[in-house]
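Asker: Annotations per TrEMBL:
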- 19-37: transmembrane segment (TRANSMEM)
- 27-516: domain 'Major facilitator superfamily (MFS) profile' (DOMAIN)
- 96-114: transmembrane segment (TRANSMEM)
- 126-148: transmembrane segment (TRANSMEM)
- 194-213: transmembrane segment (TRANSMEM)
- 219-240: transmembrane segment (TRANSMEM)
- 328-349: transmembrane segment (TRANSMEM)
- 369-386: transmembrane segment (TRANSMEM)
- 393-410: transmembrane segment (TRANSMEM)
- 422-447: transmembrane segment (TRANSMEM)
- 459-481: transmembrane segment (TRANSMEM)
- 493-512: transmembrane segment (TRANSMEM)
Amino acid sequence: MAQLPPGIRFITSFSRDQWYRAFIFTLTFFLYASFHLSRKPISIVKGELHKHCAASHEVELSSYREYAAQIQPVKKPSNASQCGWEPFDKNNYKQLLGALDYSFLCAYAIGMYLSGIIGERLPIRYYLTVGMLASGLFTAMFGLGYFYNIHNLWFYIMAQIANGLVQTTGWPSVVTCIGNWFGKGRRGLIMGIWNSHTSVGNILGSLIAAYWVSTCWGLSFVMPGVIIAVMGIFCFLFLIEHPKDISCSSTPSSSSNAFLNGASRFRVHMPTLNAKEASKPQDPEMQHLLIDSENCTASQNSSSAITGEGRHGTSAISFLGALRIPGVIEFSLCLLFAKLVSYTFLFWLPLYITNVEHLDAKRAGDLSTLFDVGGIFGGILAGLISDRLEKRASTCGMMLLLAAPTLYMFSAVSKMGLEATVVMLLISGALVNGPYALITTAVSADLGTHKSLKGNARALSTVTAIIDGTGSVGAALGPLLAGLISPSGWNNVFYMLMVADACALLFLLRLIQKELRCNADHTLFKEH
């Protein structure tokens, strides 16, 4: 018998369950990357919506009023002045651009609280597909303003509001789906890698939008809109919500025992352990990494919490019930300030680079992707450290503590040249996005399967929506504050971001103290 080719041997070395799990990991990665891809164009196009028109003329003008009078006779019939695209060509352009950001993010924050509650009552595949198709429509709608020569501010604001509402379908859906397929062992690392879809989407969105921004900025929105709509079709055709739907095992573990996974909704049968077996260290798949609020024992992935309900047999958790889960409020408020910092960079970084480095919109957009490259490494590093230390809150606190002085250094160093800016973009991206990535993925999944839920893991979607929805309030405030503060100087914007990082750390202090105290008690117990 002939030896199997190396490629076939490689394929057959993985089980059917492993291939399905890898497929869902990859599919949900690109599904949510397309959401961020469609959010990024607005930050790239800002430099085109308002141009520093005085800088493009060699003549020295005494005032903006004098310059406006000089160009009045040659103003384009399309109402697109040499200072940008009306109505963003006025002196208050930063406030108008900030209003666009606020419109999207405020709608996103409000919609997120409802999305998790609705999402856990509907099939994920249908819910996510409709949301992605609608997101494609409203993303493209903003770009159509260019082709139809629309200069009404309310048209762009309404497009942003509608897009913000429908984009809330994404996060609770993909986190619930990935939670269904992956257990708790190495969850921080796995979800840290998976969460890099945020940065990958931002990078791709920046590159796609930057390609057309100087020639036809409408396509900077239309093309991402088409991409997310196409991905919505892929979602409808291929997304598998739960491993039980295709008779796969519920966890990645190779053990013959079918343990309950991070967001399982069906009965599992576990053999009774004798005293000797029960005293052995449990498999990492069976352990929570968040400290229980009552004591210093790790919350188990609940053999005692299994209620025997079917996959759809448990009732959905209430909003107040989700808030009572230990740690939900603290991490939600922490994420509010962490996401404020992250989204301020997301929406204003290209314009900041344009002003400081004096680059055109395309080059500034390309350079801003380095912040997201740093974010990829930050998310993976946060997950790896939290798995190794078994301390989610302490890992977030450590990165937040380092982020504040790093932001100050960034504001100072970025004025020294392009090379220094590149280095600080990578470092800042890692420290700013690390805690944000960890809280929205591994922490949310841990809290959504807390032992106090007694096996009602349908709460995962609601808990995820509460945490990310609260974070989205900060995401809405950050760009708005940046638009209001930046006229007084970019340094003041960075001071605001540093204060936000300090507030995020403040809300974690109780959980960090509990983790450290429990670790000290555990060490003392071992010594005795």
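Even glycines carry a Cβ here, placed using N, Cα and C.
Structural setting of the listed features?
Answerer: Using a Cβ-Cβ cut-off under 8 Å and counting only residues 6 or more beyond its ends in the same chain, the transmembrane segment (19-37) has close neighbours at 128, 132, 135, 167, 170-171, 174, 177-178, 181-182, 194, 196-198, 200-202, 204-205, 208, 224, 227-228, 231, 234-235, 238-240, 243, 246, 248, 252.
Within the same chain, residues 39, 42, 46, 49-50, 87-88, 90, 153, 156-157, 160-168, 171-172, 319, 343, 347, 351, 465-466, 468-470, 472-473, 475-476, 479-480, 482-484 sit at least 6 positions outside the transmembrane segment (96-114) and bring their C-beta atoms closer than 8 Å to a C-beta of that stretch.
Cβ atoms under 8 Å from those of the transmembrane segment (194-213) belong to residues 25, 28-30, 32-41, 43-45, 47-48, 178, 219-221, 223-224, 227, 346, 350, 361-362, 365-366, 368-369, 372-373, 375-376, 379-380, 383, 429, 433, 437, 440-441 of the same chain, restricted to positions at least 6 beyond its ends.
Residues 20, 23-24, 27-28, 30-31, 34-35, 37-38, 40-41, 44-45, 124-126, 128-133, 135-144, 177, 205, 208-213, 246 of the same chain lie 6 or more positions beyond the ends of the transmembrane segment (219-240) yet place their CB under 8 Å from a CB of it.
Sequence-distant neighbours of the transmembrane segment (328-349) (same chain, 6+ residues past either end, Cβ-Cβ under 8 Å): 39-40, 42-43, 46, 101, 105, 202, 322, 368, 371, 393, 396, 400, 403, 407, 428-429, 432-433, 435-436, 439-440, 443-444, 447, 463, 466-468, 470-479, 481-483, 486, 493, 497, 500-501, 503-505, 507-508, 510-511.
With a threshold of 8 Å between CB atoms, the same-chain residues lying at least 6 positions outside the transmembrane segment (393-410) that come near it are 290-291, 327, 330-331, 334, 338, 341, 378, 382, 385-386, 424-425, 427-428, 431-432, 434-435, 438-439, 443, 494, 497-498, 501-502, 504-505, 508-509, 511-512, 514-516.
Remote same-chain partners of the transmembrane segment (422-447), defined as residues 6 or more beyond its termini with a Cβ less than 8 Å from a stretch Cβ, comprise 171, 175, 178-179, 184, 187-188, 191-192, 194-196, 198-199, 262-263, 288-290, 325, 327-328, 331, 334-335, 338-339, 341-342, 345, 367-368, 370-375, 377-379, 381-383, 386, 392, 395-396, 399-400, 402-403, 406-407, 409-410, 413-414, 460, 463-464, 467-468, 471, 504.
Counting residues 6+ beyond its ends, the transmembrane segment (459-481) has Cβ neighbours under 8 Å at 98-99, 101-102, 105-106, 108-110, 112-117, 119-120, 168, 171-173, 175-176, 179, 262-263, 316-317, 319, 321-323, 325, 328, 331-333, 335-344, 346-348, 436, 439-440, 443-445, 447-449, 453, 493, 496-497, 500 in the same chain.
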Asker: Six or more residues out from either end of the transmembrane segment (493-512), which same-chain residues have a Cβ under 8 Å from its Cβ atoms?
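Answerer: Sequence-distant neighbours of the transmembrane segment (493-512): 291, 327, 330-331, 333-338, 340-341, 344, 348, 352, 391, 393-394, 396-397, 400-401, 403-405, 407-408, 410-411, 435, 474, 478, 481-482, 485-486.
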Asker: Any idea what the model's mean pLDDT is for the domain 'Major facilitator superfamily (MFS) profile' (27-516)?
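Answerer: Across the residues of the domain 'Major facilitator superfamily (MFS) profile' (27-516) the model's pLDDT averages 77 on the 0 to 100 scale.
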